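Features as listed in TrEMBL:
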- GLU103: active site, nucleophile (ACT_SITE)
- GLU107: active site, proton donor (ACT_SITE)
- 19-217: domain 'GH16' (DOMAIN)
- ASN111: N-linked glycosylation site (CARBOHYD)
- 1-23: signal peptide (SIGNAL)
Amino acid sequence: MMAATLFLCIVTLCTLMFIQITARPTTFAEDFKAAWSESHIRQVDGGKAIQLVLDQSTGCGFSSKRKYLFGKVSMKIKLVPGDSAGTVTAFYMNSDTDTVRDELDFEFLGNRSGQPYSVQTNIFAHGKGDREQRVNLWFDPSLDFHTYSILWSHKHIVFYVDDVPIREYKNNQAKNIAYPTSQPMGVYSTLWEADDWATRGGLEKIDWSKAPFYAYYKDFDIEGCPVPGPANCPSNPHNWWEGYAFQSLNAVEARRYRWVRVNHMVYDYCTDKSRYPVPPVECHA
């Protein structure tokens, strides 16, 4: 009887722990809110999906209601179709702190019709960013929904496109390389106009005759340690994202990662000698 009771208590504790660190909203409103221009955010299918709108008056954006410290966030996004030059659809995490901010960015850079969509990733750690990498997507992301994810653990940060890793940033604090470990981050997404830099460095301007521009989101999934929340959650080694299987890329992921970098990477700050005659230290870590 005592053994059965102990087993039941362990199961109950594990279940409660899972509930505390996992948030899988069935609707947008459950875990997210409008951050700006709420009139340009339209709920679809009873709130299970949303449409962001960009026109000449404004873009728009939304954010999570809570912040998180470590975990994984995912969204399915269908990007702006057709001539989307000058538009940026962003999906990112941000500590929302002034000078010493941490941030993990997906920025989808609009294109002229027929040209590939580029996704730019960037990482801010302890207030320092300028770590841009750009990849041309190997499919048309405006034709259907695709899953974009950010895994953030004590070991590394990985950006995924449909479970294909396109970027890995390892925790090399032992080598005095900044890594976000202490500031919880919210989850954000925006659709906005940035034709001064977004497409071919600003050479391609937005064509407002094609407006309004639309991006669609669904299947919002946040699995992480909410802050405020259980104080021991962020340091718990039993969180699934801290498990051995997730501490590095597995063999299949490593092969896909190499394929992306060889065939689809179009910019890497580490090799930009005009910006960095001496590559930043993390490029060799």
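Glycine is treated like the rest: Cβ placed from N, Cα and C.
Curation does not apply to TrEMBL; its annotations are automatic.
The Cβ of GLU107 (active site, proton donor) lies under 8 Å from the Cβ of VAL88, THR89, ALA90, TYR92, VAL119, GLN120, THR121, ASN122, each of which sits 6+ residues away along the same chain. The local packing around GLU103 (active site, nucleophile), expressed as other Cβ atoms within 10 Å of its Cβ over all shown chains, amounts to 20. Cα to Cα, ASN111 (N-linked glycosylation site) and the residue listed as 'active site, nucleophile' are separated by 25 Å. All protein chains considered, the CB of the residue listed as 'N-linked glycosylation site' has 26 other CB atoms within 10 Å.
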